[in-house]
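Novice: Please find one structure pasted underneath; my questions will follow.
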Amino acid sequence: MTPTALHLDAVTVRFAALTAVDRVSMTVRRGERWAVIGPNGAGKTTLFRTISGEVLPSSGRITLLDHDVTRKPAYRRAHRGLGRTYQITNLFSELSVVENVAIAALGRTRSRFRSWWPLRMERDVSRRAREALEQVHLAHRHDTPVAELSHGEQRHLEIAVALAADPAVLLLDEPAAGLSSSERMLMRRLITELPRELTVVLIEHDMNLALELVEHVVCMDNGETIATGSPDEIRANERVQAVYLKSD
Amino acid sequence: MSLTTKVKLGLLATGIAAGVALPYLTSPFIIGIVTLALVFGLFAMSIDVLAGFGGLVTVGQAGIFAVAAYGVGYTATHLDGGHVLQVAVGLAAGIAISVIFAIMAMRTSGVYFLMVTLAQGMIVWGLAYRLAPITGAENGLRGILRPPAVSAYWTYYYLVLAIVALAGGLLWIVTRSPVGLALRGLRDGEDRLRMLGYNTAFHKAYVFVLSGLFATIAGILYVYLNQFISPAASEFATSGHGLLMAILGGTGTLVGPLIGAFVIVFAENMLSTYVERWTTLLGAVFVITILFARGGLVGMLSQAWPRVLARFGHPAASGDAGAGSPPGAALDGTAHATSNPHGITTEDDQRSSR
């Protein structure tokens with residue numbers, strides 16, 4: 001059996017009286033593509049923030065590549081191979097495109113502590129930055145300040161930044177948020193072209209887009225898992241339909 | 001080599017030549033002021049590393065500056081130590097207090113970081129008054145003699161010039177290094193940086209100590225320049241002055257704080273001779289800078305540079321600062337201004353350069 005990349009065991013997140021994530025469990029095997037769907041306020045982003053270490057769970061256990069990371073800070077999870085993108089573009093706005101990916105490529109190397117050594121001498125970082133930009137078709141924007149990129153390009157750069165860190169598990173938080181229909185097509189192609197060995201878990205509000213990209217789906221509502229299965233099973237699930245009809 | 005780079009190198013060479021020639025051209029009084037401006041320039045550069053590059057505004061740097069100075073002063077006046085021991089104690093004291101301050105501040109950011117550094121500066125200032133057996137309280141420590149080789153005003157000036165040039169060069173390398181890039185990332189998005197594998201608290205502490213090392217060197221140079229140290233060196237006004245020098249010259253540029261230090265030190269020492277309310281005038285200059293020239297003097301020059309090129313019909317007027325560079329990339333050529341100051345190259349770049 002394929003080894004487990006990410007395992008959540010009854011993960012619960014409470015903020016005072018509010019239970020944002022309620023005993024969510026899932027097992028994602030290496031190379032699999034998963035989607036977490038659900039209406040607004042379902043707890044999807046809180047779940048992502050919990051997996052990435054920005055929020056610590058109230059109870060439950062998170063295992064990343066066979067390591068218990070439940071109480072580990074975000075940077076340690078990144079060292080273990082976790083990468084993520086954000087629903088609202090979260091780039092280094094005063095840096096150029098290549099600096100954004102270079103800073104990510106440095107994150108898991110010892111070189112990030114070098115202060116008496118010019119960055120340009122870090123050949124491996126340059127190579128990984130270039131590869132990440134080529135993967136998202138932004139190599140031609142190498143020196144452009146981030147502020148000069150279009151929204152669609154910034155969304156692509158978000159993914160390049162995550163890829164440059166060489167993750168084993170990639171969390172994509174609404175990668176198509178705010179994109180036009182043509183840009184969504186490009187984004188869909190980009191996600192489809194991601195290396196197969198990379199484990200991907202994505203949140204997507206657009207259920208049709210999400211179901212096209214993955215093999216496994218978790219549907220959440222009010223912090224709980226209401227359905228898990230293949231895209232076809234999720235489409236046919238009455239509870240999922242009811243939740244989406246309710247939210248419409 | 002681009003015209004902008006040539007101009008920068010030309011300015012640097014002119015600056016060095018002027019610096020070397022200065023003792024032959026002017027009076028000891030002016031040399032004294034220039035030496036003081038260089039010392040405060042280094043102090044302001046140490047603040048710029050944190051505030052300008054990392055967005056970590058510190059108002060307690062004078063604490064580190066003064067502890068290093070007291071380290072030298074105490075060894076000279078109480079222990080009768082030689083100059084090597086004096087400098088060693090000054091360095092050790094400055095670095096030790098930097099480490100302690102860094103541990104205190106590393107988990108804070110924004111206004112909390114500012115408040116912690118304010119408290120740190122105030123603690124040193126309070127101790128400088130209270131620990132009379134060590135600091136001499138308000139009387140300070142006197143009779144701290146320079147090493148014989150640099151006892152003359154002009155030899156000491158050359159020593160300070162060389163150390164500040166070397167320190168400025170090292171700081172320039174730091175800002176172009178992986179740590180420099182991480183520092184700029186810290187300013188733009190600490191949470192994002194953490195998610196990319198950076199222990200941001202550790203990085204902050206590391207840069208804090210690095211910045212403290214240069215404040216320490218400035219403190220040691222200061223105490224030998226004045227041959228005296230008192231609690232005034234550790235007060236909030238000293239930190240505030242350093243920060244204002246950086247803002248006036250241009251934060252995130254390194255050369256800006258040095259220019260700001262020259263403007264302020266000369267204003268203090270020269271303007272005060274002619275204008276009774278010179279502090280009001282200086283205050284007005286700060287307000288105007290913050291309102292109309294956020295990039296400081298270096299920022300203003302950088303913005304004017306493309307217009308100068310255009311006026312002389314230079315073809316690079318629209319892009320000499322580097323393709324895609326925002327206004328301001330031309331003269332300072334550092335951190336926030338250029339689109340790729342670290343010079344990260346792709347293989348395509350390398351192929352085309354070959």
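Backbone N, Cα and C define each Cβ position, glycine as well.
TrEMBL entries are annotated by machine, without manual review.
TrEMBL feature annotations, pasted as is:
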- B:319-333: compositional bias 'Low complexity' (COMPBIAS)
- B:319-354: region 'Disordered' (REGION)
- B:12-43: transmembrane segment (TRANSMEM)
- B:49-72: transmembrane segment (TRANSMEM)
- B:84-105: transmembrane segment (TRANSMEM)
- B:111-132: transmembrane segment (TRANSMEM)
- B:153-174: transmembrane segment (TRANSMEM)
- B:205-225: transmembrane segment (TRANSMEM)
- B:246-266: transmembrane segment (TRANSMEM)
- B:278-301: transmembrane segment (TRANSMEM)
Novice: Which range out of B:12-43, B:49-72, B:111-132, B:153-174 gives the transmembrane segment (B:205-225) the most CB pairs under 8 Å?
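Specialist: The stretch with the most contacts is B:49-72.
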Novice: Go through the chain and flag residues at least 6 beyond the ends of the transmembrane segment (B:49-72) whose CB is under 8 A from any CB in it; none is fine as an answer.
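Specialist: Tertiary neighbours of the transmembrane segment (B:49-72) are 43, 86-87, 89-94, 97-98, 101, 109, 113-114, 116-125, 128, 134-135, 141, 144, 171, 174-175, 180, 183-184, 186-188, 204, 207-208, 210-212, 214-220, 222-224, 229, 231, 233-236, 238-240, 242-243, 246, 251-253, 256-257, 335.
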Novice: Considering only Cβ pairs within less than 8 angstroms, which of the stretches B:12-43, B:84-105, B:111-132, B:246-266 has the most against the transmembrane segment (B:153-174)?
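Specialist: Highest pair count goes to B:12-43.
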Novice: If we skip the immediate neighbours and take only residues 6+ beyond the ends of the transmembrane segment (B:84-105), which ones have a Cβ under 8 Å from one of its Cβ atoms?
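Specialist: Sequence-remote neighbours of the transmembrane segment (B:84-105) are 60, 63-65, 67-72, 74-76, 113, 116-117, 120, 124, 144, 204-206, 208-209, 211-213, 215-217, 219-220, 223.
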